[in-house]
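A.B. asks: For reference, the structure I am asking about is given below.
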Amino acid sequence: MGVMDLPGGRRTYAQEMEFLERVTPTQWRVREGFVPNMRVPGVFYVNKHLETLMFDELRQHVDRGDVGGFLPAVKQLANVACLPGIVSKSIALPDVHSGYGFAIGNVAAFDMSDPNAVVSPGGVGFDINCGVRVVRTNLHERDVTDIKEKLAQSLFDHIPVGVGSQGIIPTSPAGLEAALEMGMDWSLREGYAWAEDKEHCEEYGRMLNADPNKVSARAKKRGLPQMGTLGAGNHYAEIQVVDEIFDKHAADKMGIERLGQVMVMIHSGSRGLGHQVATDALTEMERAMARDGILVNDRQLACAKISSPEGQNYLSAMSCAANYAWVNRSSMTFLCRQAFAKMFDQTPDDLDMHVVYDVSHNIAKIEEHVVDGELKTLLVHRKGSTRAFPPHHPLIPVDYQYTGQPVLIGGTMGTCSYILTGTEKGMEETFGSTCHGAGRARSRNNSRNKLDYTEVLEKLKTKGIAIRVASPKLVMEEAPESYKDVTEVVNTCHDAGISKKAVKLRPIAVVKG
């Protein structure tokens, strides 16, 4: 390594770049040594345009020194490569951006047979099972064009939105306990879901190792009033139309038959309950690290051995939060079906309002993967990334056995969204994972300071998009200018072969917290 010319033995930008090498037009490798103690290399997927954002962030970090803010995503990716039990590589997808501990858009898998392998709440995120569901209809854009303002208002009236929004799905503390344990089975039992909804949901809407006793009283207290609510931030319910079909066979299997077909996309997570589960676990894990002598490069990467009581407790509590998020999306699907039924004076069944699929973007799951020719049981952390299993995988629904698992990619407010399908190459390269959305390009703070919410709302109106927002001043944080271009992200994954484009959706109405 060349001479260090920055104070404190820090490397220059050029010296940092010596550790990064392009492997293919869409893939870079981070060599061991980029940060101390790397056990495996890092890999990140970017195209020419997205790599500029990645490297600018690194350059700013070098210029600024280790002062304030999150580390750049590429450093976070490398720090994850130092965790005990990590297998093969630490992976970042094209929508990657800095997060707490792990970057958002980071995938890492840990060997369940290694007694030192860890689980890290930072590798799942605070909004456990933040995810997306798409519901189809048999309506055409022309059926809703004249009434989209009314339809947006109807959705806004039906679905509780915003930061402190409270649910209208009645439940008691005992009901919450059951929902945490049962996930969508609870929704089905209570009449808020159709039996076939479960078939088209990752994990069939229920993590089986959920144990409500591992969820703190404080988390339950936060979760009880928020069941069936949308929340704020980047969460939304959007009425969309099919804009382009890239893979007719896959689209047909999803019940997507024509351009202009009306769809509904719901993006939400586990609200305050999931946040509290993560916070509680981080406190416990800091103690476990001291006890077990686990050292990490960044204290935000607090973790515990998977086999330890803290590791097991977290996985049980995380599963409860995941179940809660599926109940949440099911409740909102129920409310959304009601809103459409009222507006069109037809039953949701007559409107063909079936769930196409429901995916999680923030979760850790035990899966089997082939590593170096050997089948291994791994704990796969996906934070800001989506499971994308290939055709014929046993864990995807019968309907999608020939197409691969549908992967739902939400755009930013007012931009297009995509439905992709999983591929065999993704299974080999990224533990069956792909991107989850656009990925932030500006911090929330920067967006608030640089953008004007009235302008952002005006722009959406000029695009012909009906919008209902509970907290208008939070809109700047979610403006398209705050994010990377979702099409660039999706195309990078498509070109890399880790997922395949099937359908493009365009928004006509947005409901936001």
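Backbone N, Cα and C define each Cβ position, glycine as well.
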A.B. asks: Looking at Swiss-Prot, HIS267, HIS361 are annotated for Mn(2+) 2. Which of CYS130, CYS493 sits in that same site?
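C.D. replies: For the Mn(2+) 2 site that includes HIS267, HIS361, Swiss-Prot also lists CYS130.
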A.B. asks: Write down the one residue from HIS49, HIS61, HIS200, HIS235 that Swiss-Prot lists together with ASP127, CYS130 as binding Mn(2+) 1.
C.D. replies: HIS235
A.B. asks: Give me the long-range Cβ neighbours of ASN362 (GMP binding site): same chain, 6+ apart, Cβ under 8 Å, in sequence order.
C.D. replies: VAL124, GLY125, ASP127, ILE128, ASN129, CYS130, GLY131, GLY269, ARG382, LYS383, GLY384
A.B. asks: For HIS267 (Mn(2+) 2 binding site), which of the binding-site residues ASN234, HIS235, THR412 has the nearest Cα in space?
C.D. replies: HIS235
A.B. asks: Enumerate the residues of the same chain, CYS130, HIS267, HIS361 excluded, that satisfy the criterion Cβ within 8 A of the mean position of the Cβ atoms of the recorded Mn(2+) 2 site; list them in sequence order.
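C.D. replies: Near the Mn(2+) 2 site, the remaining chain residues are ASP127, ASN129, GLY131, VAL132, ASN234, HIS235, SER268, GLY269, SER360, ASN362, GLY410, HIS436, GLY437.
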A.B. asks: Can you count the other CB atoms that lie within 10 A of the CB of HIS235 (Mn(2+) 1 binding site)?
C.D. replies: 25
A.B. asks: Cα distance, ALA237 (GMP binding site) to HIS436 (active site, GMP-histidine intermediate), nearest Å?
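C.D. replies: So the Cα of ALA237 (GMP binding site) lies 16 Å away from that of HIS436 (active site, GMP-histidine intermediate).
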A.B. asks: Round to a whole number and give the Cα-to-Cα distance in Å for the pair THR412 (GMP binding site) and HIS235 (Mn(2+) 1 binding site).
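C.D. replies: Distance between the two Cα atoms comes out at 10 Å.
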A.B. asks: Reported as an integer number of Å, what is the Cα distance between ASN234 (GMP binding site) and HIS361 (Mn(2+) 2 binding site)?
C.D. replies: 13
